[in-house]
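Down below is the structure, laid out as structure tokens.
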Amino acid sequence: MTADNNSMPHGAVSSYAKLVQNQTPEDILEEFPEIIPLQQRPNTRSSETSNDESGETCFSGHDEEQIKLMNENCIVLDWDDNAIGAGTKKVCHLMENIEKGLLHRAFSVFIFNEQGELLLQQRATEKITFPDLWTNTCCSHPLCIDDELGLKGKLDDKIKGAITAAVRKLDHELGIPEDETKTRGKFHFLNRIHYMAPSNEPWGEHEIDYILFYKINAKENLTVNPNVNEVRDFKWVSPNDLKTMFADPSYKFTPWFKIICENYLFNWWEQLDDLSEVENDRQIHRML
């Protein structure tokens, strides 16, 4: 499936979308001096700056392990999903920066078993952004390193980078061994979604999110052994189970998961046996 590179709902262009669209790479690097230009990036997973020693109030009361993870180097983007440089997870998730248009790359994985059930997780209480909320199997960020960046700049290379990051994070968050992920199923790239959402103060999200389905092979399973610092709970659900959860006010969901469900998920789910009509959409779907 192919399409134009950009899509806005109902043809609408918000003032925020215009702000992000009009920023050049030079504008981004000037506005955010913490961003390391792509050619000068250290090719390391994390910044050498220690959030633990910063004394910043934005981390007051938060879990030490989660604070360390805020040093990870995310991929800072322009409007067209071109990598501009490396920015720490902290810098990329502060609302004061997001309000100025700072954008980064992310991925969202949806794992389905042989019965067509989707693996959901409830984010741990310790998470700095969107704690305790239910969401899809795994949501995180490719890092600004060679294996996850897509150095050639082509979409297929970026997809490979997102999948490499997904394999890493499925192990880190859910304890799914990397060798199992690589051999017991297959990833399918669906599309990219561009959205912005505030979290708890002072945090938020502004991402181009690579949507990845993963179908477990027939008669096989994946080991799920969650990292309690990342995942509070998990469950396998059918479409009807998920709709029941949405109708129950005791369940709270991440904003990106709600966007994906409201616009795409249930239609995609119906085509799970043959995703050829819906996968590999080259368009960036703007939800701003």
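Quick reminder: no glycine exception, Cβ is built from N, Cα and C everywhere.
Annotation source Swiss-Prot lists Mg(2+) binding site at His93, His104, Glu205, Glu207. Annotation note: His93 (Mg(2+) binding site) sits in a helical segment as assigned by DSSP. Residue environment of His93 (Mg(2+) binding site) contains 25 other Cβ atoms, counted within 10 Å of its Cβ in all protein chains.
The compositional bias 'Polar residues' annotation in Swiss-Prot covers 40-49.
The phosphoserine annotation in Swiss-Prot covers Ser7 and is backed by a large-scale study or a structure entry.
Residues or ranges marked as region 'Disordered' by Swiss-Prot: 33-58.
Between the binding-site residues Glu205, Glu207, Glu207 has the most other Cβ atoms inside 10 Å of its own Cβ, all protein chains included.
Note: the Mg(2+) site is recorded as His93, His104, Glu205, Glu207; in the same chain, Cys74, Cys92, Ile98, Leu103, Ala106, His141, Gly204, His206 also have Cβ atoms within 8 Å of that site's Cβ centroid. Secondary structure by DSSP for the compositional bias 'Polar residues' (40-49): 1 helix, 1 strand, 8 coil. Around His104 (Mg(2+) binding site), the C-beta neighbours below 8 angstroms that are at least 6 residues distant in the chain are Cys74, Ile75, Val76, Leu77, Gly87, Cys92, His141, His206, Glu207, Ile208.
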